[in-house]
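Asks: Structure in structure tokens, see below.
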Amino acid sequence: MNPYILATLLLSLGLGTTITFASSHWLLAWMGLEINTLAILPLMAQQHHPRAVEATTKYFLTQATGAATLLFASTSNAWLTGQWDILQMSHPFATTLAILALSLKVGLAPLHTWLPEVLQGLDLTTGLILSTWQKLAPFALLLQIQPANSTILIILGVTSTLVGGWGGLNQTQLRKIMAYSSTAHLGWMILILQFSPSLTLLTLLTYLIMTSSTFLVFKLNKSTSINMLATSWAKAPALTTLTPLILLSLGGLPPLTGFMPKWLILQELTKQDLAPIATLTALTALLSLYFYLRLTYAMTLTMSPNNVTGIAPWRLHSSQLTLPLAILTMATILLLPLTPTMLTLLTL
């Protein structure tokens, strides 16, 4: 792609998200989401592969549906209450509709079915943008809507953690596994949203760090399936040693960064007298942990049946930028001791 066009698209992507962040009026927020969607479509379709075009079409249709529903919800709210302000979303009908529209946009279960299919059709770089940056704008809006009836958020949260764990169990494609992983993590965020918005932000931050490092590992290894991961020890032995820690951090095992949000969320749910919900979500985390362990097993405990030429790639110098990966990997593995600091910063 032409660098000028690429720069324009990436700036538009940033602009769309910034407009949504900065807006207090529903129409402006909707416009930001639309700019965001339109800017990423050419990035998704740049491969000119039938699967990429199909993924782009599916993404466009789902995002257009979500945006139309959100516009309908905000218009209904203005009609019923006379308010266009995002923080004044008071009518139950409009609030529920807006939450469902934003859930469709980020890929929360049961509105998640487009996400694995779309992610599977994209290259790893665009998949990384879709899994991280594209979640920010809808989440900024979800954080501002405080529903009076919290049942819908709990249902969406529990369903997402369940489906995210269950759906990834049988997958062999890494991008589909990351899509289900994304749904499960978003479920944890939405579950705690009404009780502790700062905790949702913390979970989102750790999710962005962990997902970015995982995608960058796959990109460096040029891996798109579990079988391709098995040959990564020949390409980057040191990175292959660290990758299991990144994957276990995504699974939420102590003493890694991913344990922090899960621990704090379970604690907060128990404080809110929701011990059964906390128990159920803790059990669903085991489902997700299983497929991360599968990836770990494939990478480190199995040897691919290669010939001699297959074990030479590590001698070749990689042209890819490794500094972002190094920083994100360290953050993914070592941030747990900073839990009190991060909590203090988020509650300021």
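Quick reminder: no glycine exception, Cβ is built from N, Cα and C everywhere.
Unlike curated entries, TrEMBL annotations are predicted automatically.
Note that the coordinates shown come from a computational prediction; the quantities given were computed from them, not determined experimentally.
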Asks: With the ranges 18-38, 60-80 to choose from, which does TrEMBL describe as transmembrane segment?
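Replies: Checking TrEMBL against the ranges 18-38, 60-80, the transmembrane segment one is 60-80.
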Asks: What mean pLDDT score does the domain 'NADH dehydrogenase subunit 2 C-terminal' (289-343) have in the model?
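Replies: Average per-residue pLDDT within the domain 'NADH dehydrogenase subunit 2 C-terminal' (289-343): 80.
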Asks: Determine whether the transmembrane segment (151-170) and the transmembrane segment (233-254) share at least three Cβ pairs under 8 Å, counting only pairs 6 or more apart in sequence.
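Replies: No, these stretches are not in contact.
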